[in-house]
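Working notes, structure below.
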Amino acid sequence: MAGAGGTGGTPFLLSPATGHAATPSAAVFDVEAAGAGGKAPPPPAPDAGAAFVLESKGTWWHAGFHLTTAIVGPTVLTLPYALRGMGWGLGLAALTAVFAVTFYAYFLVSRVLDHCEARGRRHIRFRELAADVLGSGWVFYLVVTVQTAINAGVTTGSILLAADCLQILYSNLAPHGPLKLYHFIIIVAVVLAFLSQLPSFHSLRHINLGSLILSFGYTVLVSAACIRAGVSSNPPAKDYSLSSSKSEKTFNAFLSISILASVFGNGILPEIQATVAPPAAGKMMKALVLCYAVIFFTFYFPAIAGYWAFGNQVQSNVLQSLMPDEGPSLAPTWLLGVAVVLVLLQLLAIALVYSQVAYEIMEKSSADAARGRFSRRNLAPRVALRTAYVAACALVAAMLPFFGDIVGVVGAVGFVPLDFVLPVVMYNMALAPPRRSPVYLANVAIMAVFTGVGVIGAVASVRKLVMDAHKFKLFSDNVVD
């Protein structure tokens with residue numbers, strides 16, 4: 001199906017309608033039209049999704065803000081639990097390995113994007129990049145499906161967790177108050193629907209700078225609280241031993257690796273690079289360095305402090321260890337309250353970032369690029385569709401407050417393919433390094449290892465889903481951890 005294009009050996013797609021090499025946009029159009037009698041399609045209409053949602057006006061530091069928001073979130077509070085499954089030595093080694101591999105994988109995606117752009121094929125969507133490089137129409141639809149599941153899942157999960165933060169604050173201020181979880185989900189959804197009317201990914205740059213600052217804020221507060229608890233006059237027992245059962249020890253280690261892979265995932269790097277003003281070559285590397293400088297601090301600090309303070313008794317969210325169900329809190333109430341507020345605010349930014357792919361798909365079909373972005377023709381469907389999307393995610397969050405377990409399965413089968421497997425495969429195909437070169441062999445090794453991690457992570461997540469099944473109740477007032 002694929003032939004070499006230019007001097008770089010980049011495979012083009014073959015159009016099913018014509019049998020000839022096609023440009024990416026035409027190739028994708030042909031995939032969609034091939035079932036309609038095999039007739040050559042008319043020229044595609046102007047793309048409002050690209051013009052409005054993925055407008056390319058940003059700088060590398062704006063891309064760094066977007067990327068940081070997509071990766072650094074409250075999931076960092078699960079990192080002490082990930083260390084618990086492997087212990088100090090293996091845990092920190094695994095954290096560092098995933099840190100290095102994800103940086104490398106995202107760098108490869110950026111290189112492939114730059115490679116295609118240099119040959120006149122600038123891609124702004126992951127699905128079109130994968131379909132172009134891998135030379136298969138089914139890849140386009142596979143990436144669309146996986147990306148949509150991830151983005152809708154993260155948005156729904158963010159709404160649910162933000163509502164849970166509000167409920168925590170409310171229950172401390174009014175222990176016997178009448179408000180339930182679904183009331184807070186509605187409040188979060190209304191705020192998110194309002195913020196979702198910001199027209200483009202680029203228009204989130206200031207919000208995402210704020211998100212970056214918030215991530216520093218709550219990781220410092222939570223880490224300081226863990227250190228304070230660990231050095232207090234009545235500290236938690238520190239036991240760093242692993243399970244005596246070999247099978248349990250192995251399972252816990254693989255679950256921890258799956259957690260690390262999901263925490264570092266984002267799945268939308270091409271869409272983030274699309275926001276950078278062309279030419280984008282080389283700019284994403286600076287954005288990655290900025291992002292990973294933030295990651296180094298916000299991941300390692302709470303991971304080490306939380307595991308040091310609580311050992312193998314640390315909960316899946318270290319905040320739960322600081323606020324045990326029985327006994328007094330192990331940190332000042334004001335500190336925990338501020339940390340929860342900062343987490344709440346950042347969850348809104350995360351939901352906005354992961355909604356952009358859905359909004360781009362909607363706008364591509366519903367908006368008219370020939371009209372103004374704020375014309376009545378485009379504004380009315382934008383408000384209606386984005387509000388409906390947020391409402392649908394909020395309904396799922398209210399109906400399934402155990403959605404976190406479902407997102408775990410989606411993350412294992414979604415983040416791993418998009419962030420670990422596809423990048424190395426696309427690089428090997430697009431830039432065609434020699435098959436015996438260290439780069440090619442390293443990429444094959446990463447693909448094999450993380451395909452296994454994805455499968456094992458999916459099994460672990462399904463196991464947790466089954467184990468928690470007795471806690472599930474539609475429209476429950478409690479979030480299942």
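Here the Cβ of each residue, glycine as well, is placed from N, Cα and C on the backbone.
Quantities reported herein were computed from a predicted structural model and do not represent experimental measurements.
According to TrEMBL, the feature domain 'Amino acid transporter transmembrane' maps to 57-463.
The transmembrane segment feature in TrEMBL is assigned to 63-82 (among others). Note on the transmembrane segment (63-82): residues 91, 94-95, 106, 161, 201, 204-205, 208-209, 211-212, 215, 218-219, 222, 226, 256, 259-260, 262-266, 268-269, 272-273, 275-276, 283-284, 286-291, 294-295, 298-299, 302-303, 305-307, 310, 314-319, 321, 343, 346-347, 349-350, 353-354 of its chain, located 6 or more positions outside it, place their CB under 8 angstroms from a CB of the stretch.
The list of residues near the transmembrane segment (88-109) in space but at least 6 beyond its ends in sequence, with Cβ under 8 angstroms from a Cβ of it, reads 67, 79, 82, 129, 240, 253, 256-257, 260-261, 264-265, 269-270, 285, 288, 292, 295-296, 299-300, 303-304, 307, 419-420, 423-424, 426-427, 443, 446, 450. Per TrEMBL, the feature transmembrane segment maps to 88-109 (among others).
Under the heading transmembrane segment, TrEMBL lists 129-150 (among others).
Among the features that TrEMBL reports, transmembrane segment is placed at 181-200 (among others).
Feature annotation from TrEMBL assigns transmembrane segment to 212-231 (among others).
According to TrEMBL, the feature transmembrane segment maps to 251-269 (among others).
According to TrEMBL, the feature transmembrane segment maps to 289-310 (among others).
The feature transmembrane segment is assigned by TrEMBL to 330-354 (among others).
Per TrEMBL, transmembrane segment is recorded for 383-400 (among others).
Per TrEMBL, the feature transmembrane segment maps to 406-427 (among others).
Look at TrEMBL and you will find 439-462 (among others) tagged as transmembrane segment. Sequence-distant neighbours of the transmembrane segment (439-462) (same chain, 6+ residues past either end, Cβ-Cβ under 8 Å): 101, 104-105, 108, 251, 254-255, 257-258, 261-262, 405, 408-409, 411-413, 416-417, 420-421, 424-425, 427-428, 433.
Here the listed stretches are 129-150, 181-200, 212-231, 330-354, 383-400, and the one with the most C-beta pairs under 8 angstroms to the transmembrane segment (251-269) is 129-150. Beyond the ends of the transmembrane segment (212-231), by six or more residues, the same chain brings 65, 68-69, 72-74, 76-77, 80, 238, 294, 297-298, 301-302, 305-306, 308-310, 318-319, 321-322, 330-332, 335-336, 338-339, 342-343, 345-346, 349 to within a C-beta distance below 8 angstroms of the stretch. Within the chain, the transmembrane segment (181-200) has long-range Cβ neighbours (under 8 A, six or more residues past its boundaries) at 52-55, 159-160, 162-164, 166-167, 170, 207, 275, 348, 351-352, 355, 359, 373-374, 382-383, 386-387, 389-391, 393-394, 397-398, 401, 475-479.
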